[in-house]
């Protein structure tokens, strides 16, 4: 295949402008989730919240590193097309996507349980921040899953 034939397959793959947008979104939503969960809130009382903070803490450097690669690739015009590196990116995206989804779901379940007790276990200020954090984690997961699918599609078409 020639490069022109594969242009559509790499639309969201590493080294493209689409990937840059996805990575910046992941970093922003992961950072927001981490900030809503950890600033001024006692999240460490619940394991699910600690799990969310840990996973968002892993997604941020992963997304920022790949965003820097995307910036270089977009501005220099030399996209990353090394099969071994692309395989690592695909595996990393899938692992972080699954972990992000698990962390967001577990946090949302704990929040729902806390609210089920009519706020007796959670003040409205804290529960609202927990909910925002879980929502941002779901948005980050969605973008991470999209990156994983685009990169897998690209690797499968190489």
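Residue numbering: from 1, along the chain as shown.
From the backbone N, Cα and C atoms, a Cβ is placed for every residue, glycine too.
What TrEMBL records for 16-143 is domain 'Casparian strip membrane protein'.
TrEMBL lists 43-62 (among others) with the feature transmembrane segment. Nonlocal intrachain contacts for the transmembrane segment (43-62), taken as residues 6+ away from its ends with a CB within less than 8 angstroms of a stretch CB, comprise 26-27, 30-31, 33-34, 37, 92, 96, 99-100, 102-104, 106-107, 109-110, 130, 133-134, 137, 140, 144.
Annotated transmembrane segment per TrEMBL: 69-88 (among others), in sequence order.
Within its own chain, the transmembrane segment (136-156) is flanked in space by residues 6, 9-14, 18-19, 22-23, 25-26, 29-30, 32-33, 36, 52, 55-56, 59, 63, 83, 86-87, 89-90, 93-94, 96-97, 100-101, 103-104, 107-108, which lie at least six positions past its ends and keep a Cβ under 8 Å from the stretch. Marked as transmembrane segment by TrEMBL: 136-156 (among others).
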